[in-house]
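Presented below is the structure to which this report refers.
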Amino acid sequence: MGWIRGRRSRHSWEMSEFHNYNLDLKKSDFSTRWQKQRCPVVKSKCRENASPFFFCCFIAVAMGIRFIIMVTIWSAVFLNSLFNQEVQIPLTESYCGPCPKNWICYKNNCYQFFNESKNWYESQASCMSQNASLLKVYSKEDQDLLKLVKSYHWMGLVHIPTNGSWQWEDGSILSPNLLTIIEMQKGDCALYASSFKGYIENCSTPNTYICMQRTV
């Protein structure tokens, strides 16, 4: 009988230990499952909180880069049109006689702007072949369209070293206060630019040129 009671007591103790062990396993399993379930929730919330912030930063950076690119492009276009584009010249001022085809007729003068680059002597020969001469500036009033010219062009003005004067192809002397002569290079020929300015240039330097033909 004592042996039986001892066996029962040991069995009860083993069952109690087994029950406690199961409880510990269940608690441990529940804790593990709870942590596994909680972690994705926490991570998901972190991602939900972080994603809008990084998305907003990305959009802001992209818009900033686009703005810089657009400003650069428009600045380049503006500067190019400012320095290189010729202003449209009015063609309806006063009576004008017949001019060669495609020439500009303005206040009894015919003008042609040639975009090909030649030295001064070649430009002079080109104008003479068309029964014209290089540009001669003789009146700010009658030639006010020349204020609109933007780039540099050969005109028929040359420097005479013997007396230091400037004269036109026809031998007439440059009238005082008609042109402002600016020394850009060492030379004996002159380029016309905007606002009745003449720029000294070496005669052998290639430049565009203006031919002129009087109609009266």
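The backbone N, Cα and C atoms fix where each Cβ goes, glycine too.
Swiss-Prot has this to say about the protein:
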- CYS96-CYS105: disulfide bond (DISULFID)
- CYS99-CYS110: disulfide bond (DISULFID)
- CYS127-CYS211: disulfide bond (DISULFID)
- CYS189-CYS203: disulfide bond (DISULFID)
- 98-213: domain 'C-type lectin' (DOMAIN)
- ASN115: N-linked glycosylation site (CARBOHYD)
- ASN131: N-linked glycosylation site (CARBOHYD)
- ASN163: N-linked glycosylation site (CARBOHYD)
- ASN202: N-linked glycosylation site (CARBOHYD)
- 1-51: topological domain 'Cytoplasmic' (TOPO_DOM)
- 73-216: topological domain 'Extracellular' (TOPO_DOM)
- 52-72: transmembrane segment (TRANSMEM)
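Each residue in the topological domain 'Extracellular' (73-216) gets a DSSP state, and the totals come to 26 helix, 50 strand, 68 coil. When Cβ atoms from all protein chains are considered, those within 10 Å of CYS189 (disulfide bond) total 27, not counting its own. Here the disulfide-bonded residues are CYS99, CYS127, and the one ringed by the most other CB atoms within 10 angstroms is CYS127.
Each of the disulfide-bonded residues CYS110, CYS203 was scored by how many other Cβ atoms lie within 10 Å of its Cβ, and the smallest score goes to CYS203.
Distance noted between the C-alpha atoms of CYS99 (disulfide bond) and CYS211 (disulfide bond) is 12 Å.
Taking Cα separation as the measure, CYS189 (disulfide bond) is nearest to CYS211 of the recorded positions ASN115, ASN131, CYS211. Looking at CYS203 (disulfide bond) and CYS105 (disulfide bond), their Cα atoms lie 28 Å from each other.
Around CYS211 (disulfide bond), the C-beta neighbours below 8 angstroms that are at least 6 residues distant in the chain are TYR111, GLN112, PHE114, SER126, CYS127, GLN130, ALA132, SER133, LEU134, LEU135.
Of all the recorded positions in the record (CYS110, ASN115, ASN131), the one with the smallest CA separation from ASN202 (N-linked glycosylation site) is ASN115. Across all of the topological domain 'Extracellular' (73-216), the predicted model scores a mean pLDDT of 86. For CYS105 (disulfide bond), the nearest neighbour among the glycosylation sites ASN115, ASN131, ASN163, judged by Cα separation, is ASN131.
Scoring each of the glycosylation sites (ASN115, ASN202) by how many neighbouring Cβ atoms lie within 10 Å, the top position goes to ASN202.
Within 10 Å of the C-beta of CYS105 (disulfide bond) we count 20 further C-beta atoms, all protein chains included. When other Cβ atoms within 10 Å of the Cβ of ASN131 (N-linked glycosylation site) are tallied across all protein chains shown, the result is 10.
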